[in-house]
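Right, one structure below, let's go through it.
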Amino acid sequence: MVKEKVILAYSGGLDTSVAITWLNKDYDVIAVCMDVGEGNDLDFIHDKALKVGAIESHVIDVKDEFAEDYVLVALQGHTFYEQKYPLVSALSRPLISKKLVEIAHKTGATTIAHGCTGKGNDQVRFEVAIASLDPSLKVIAPVREWKWSREEEINYAKANGVPIPADLDSPYSVDQNLWGRANECGVLENPWNEAPEDAYDLTVAPEAAPDSPVYVNIDFEAGVPVALDGKKMKLADLILELNDLAGQHGVGRIDHVENRLVGIKSREIYECPGAVTLLAAHKEIEDLTLVRELAHFKPIIENELSNLIYNGLWFNPATEALIAYLKSTQQVVNGTAKVKLYKGSATVVARKSDNSLYDESLATYTSADTFDQDAAIGFIKLWGLPSKVHAEVQAHKDK
């Protein structure tokens, strides 16, 4: 009997490796791993999928697409979920889902499987994205169905010849892409515990960072980072280089108790050295170039966009509309930001732009001042007129 095909989002870890064996009972498994800049041994992952029973194994480099179509939205949208989390994992899920659906269409598969548990956000992100792209596709979540303990899963793996990962004893659950690294579980589950140094990988402890700062110039064109210290680079490469440079100076550590979509609170440790640096730089160029009303309104859009992406609604019309609005604001965001990296901080210390709305002759308090201070008298009268009228009415009522 010919089996149906299932497309499995494969990471090379224990959960998705066991899933191949488990799914093989009813399906021919096509394993797909997306390279979003996590730095894993992709050849090993490719071969491991075949070794444990997949009929096909695909490793797809999507770093550039991820950076240009997803990360750039987060950068230009200053998307911090709950004002702290730069949407590391949440950004990669819609792209991974899109690629899984494309491969399902190419291979004739009618089912997609993922390795998410039943208490995390990612199950929602994957399944809502897949349903948004092709409602006819069926989704299987083996880990959610098993409800096995870790010990039961290991026993199943041993009984079925699934290699046990060397890092299985690690207490942490880690997800990483070029925008950052997310870490949870183990000692981190108690929010009173300070995260130990072994919970970090991309950054040095700020107190152990170099005693001298380093400065980096970041060039932007239409809101897109295009160069570091004058060197033109693809966005993905630029982010990865900043991850290394800013990480050496302890930049980008985030300790966050967040409200998950599924209704629980979770303590997460994030490392986002490149993201934190770029977000600071981009914001400063916007501060130079956006008119006041837009600068004041845009954060409202940013907050709503952050929530939509975090909650797995990338392909929702509301998200698409907000992204379109966001893009319309970026044509004037051109210039250079100089960022000082020093012991855990990324501080913009200088900025310039040909589109700058900063007029030094208006801002200065020297003799070069061109601001007409006499105009302030009439402006204040008109601006304060509603408040004055209100006060007069209240005073009349109080008599």
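Here the Cβ of each residue, glycine as well, is placed from N, Cα and C on the backbone.
In the three-state DSSP classification, Gly13 (ATP binding site) falls within coil. Swiss-Prot lists Ala9, Tyr10, Ser11, Gly12, Gly13, Leu14, Asp15, Thr16, Ser17, Gly115 with the feature ATP binding site.
For Tyr85, Asn121, Arg125, Ser173, Glu258, Tyr270, the entry in Swiss-Prot reads L-citrulline binding site. Using a 10 Å Cβ-Cβ cutoff, Arg125 (L-citrulline binding site) registers 27 neighbours.
For Thr117, Asn121, Asp122, the entry in Swiss-Prot reads L-aspartate binding site, with the evidence type sequence analysis. Long-range Cβ contacts of Asp122 (L-aspartate binding site) within its own chain (separation 6+, distance under 8 Å): Ser89, Arg93, His114, Cys116.
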Within 10 Å of its Cβ, which one of these binding-site residues (Ser11, Ser17, Thr117, Ser173) has the largest number of other Cβ atoms?
Ser17
Within 8 Å of the Cβ centre of Ala9, Tyr10, Ser11, Gly12, Gly13, Leu14, Asp15, Thr16, Ser17, Gly115, which other residues of the chain have their Cβ, at the recorded ATP site?
Val18, Ala19
If you count other Cβ atoms within 10 Å of each one's Cβ, which of the binding-site residues Tyr85, Tyr270 has the most?
Tyr270
Check each residue in the chain of Gly13 (ATP binding site) that is at least six apart in sequence and keep those whose C-beta is under 8 Å from its C-beta; list them in sequence order.
Gly115, Pro165
Roughly how many angstrom lie between the C-alpha atoms of Tyr270 (L-citrulline binding site) and Ser17 (ATP binding site)?
26
